[in-house]
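Q: Please read through the structure below; I'll follow up with questions.
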Amino acid sequence: MLGGGGVAGIAWEAGVVTGLRRAGLDLGMADLIVGTSAGSVVGALVAGGADLESAVAAQAESETEATVPAVDMEAVMAAFGILYDPSLEPREARRRVGAMALAVPDTGAEIETIGQRLPVKEWPERRLLITAVDAETGEFVVWDREAAAPLASAVASSCAVPCVFPPVEIGGRHYMDGGVRSATNADLAAGSSAVVLLEPMAHLAPRARVRAEVAELGDAAVAHIVPDEASIAVFGANILDPALWRPAFDAGLAQAQAPAVAGTVAEAWS
């Protein structure tokens, strides 16, 4: 389970997965890989057998400050205020946020950017689920290789943060960030005997939703990995900053190679 978190989240998760792989714990061998927002990029790479360190290095070289979108933080905060409003039914809250998201002009650049980040171009054979939300209706959507969505489009839709990136059109409808429903959507792993959950923004996101999702996993052995203090310090205030590609990867790599983290994952998978 790979949660959301911008450039920082992609790079940190890639570092964690790489570090665990070096410790003999290959998450790419999981029966099910679920990606939300930034996690959808990493999920596609892991499921497709890509070299994560090379993918991060390529982005570090190609992306510059010019590629960072101008973010209306007031609009973003308003959107997340709606999502966390306990008086609203969750789907209605998502629908309202979708209306705000649809106001962002669509240039088609997001799919192109995601395509550049993915050396994996086709849906992999390994089971991969990518989350998104219908911007018009608020309905939660899960893409897989059977869906009528190209991989890059599915990933782009999952990464379409409301009021930052426009929703992505697929099949005549518009889809936004799967993180609008949940930062992790960990409940999609219900029925699994062991779950490894990476949550890059655990230090920022409200905990009730994720706790409830983990509870839905029942008797599954869960290894829940969140950024340590060193990683959080690296992330800084702007998780979309392209300067974070290498530092956040290195932070995740170092964290995963710590005995406590690798041991937690090994225990869950044993």
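We number each residue from 1, going along the chain as drawn.
Every residue, even glycine, has its Cβ placed from backbone N, Cα and C.
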Q: Motif 'GXSXG' per TrEMBL sits at which of 35-39, 60-64, 105-109, 170-174?
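A: From TrEMBL, the annotated motif 'GXSXG' range turns out to be 35-39.
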Q: Please report the distance from the Cα of SER37 (active site, nucleophile) to the Cα of ASP177 (active site, proton acceptor), rounded to the nearest angstrom.
A: 6
Q: What is the three-state DSSP composition of the motif 'GXSXG' (35-39), stated as helix, strand and coil residue counts?
A: 2 helix, 1 strand, 2 coil
Q: So if I measure Cβ to Cβ from ASP177 (active site, proton acceptor) and keep only same-chain residues at least 6 apart in sequence, which ones fall under 8 Å?
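A: Non-local contacts for ASP177 (active site, proton acceptor): GLY4, SER37, ALA132, VAL133, SER157, SER158, CYS159, ALA160, VAL161, PRO162, PHE165.
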Q: According to DSSP, which of helix, strand or coil covers ASP177 (active site, proton acceptor)?
A: strand
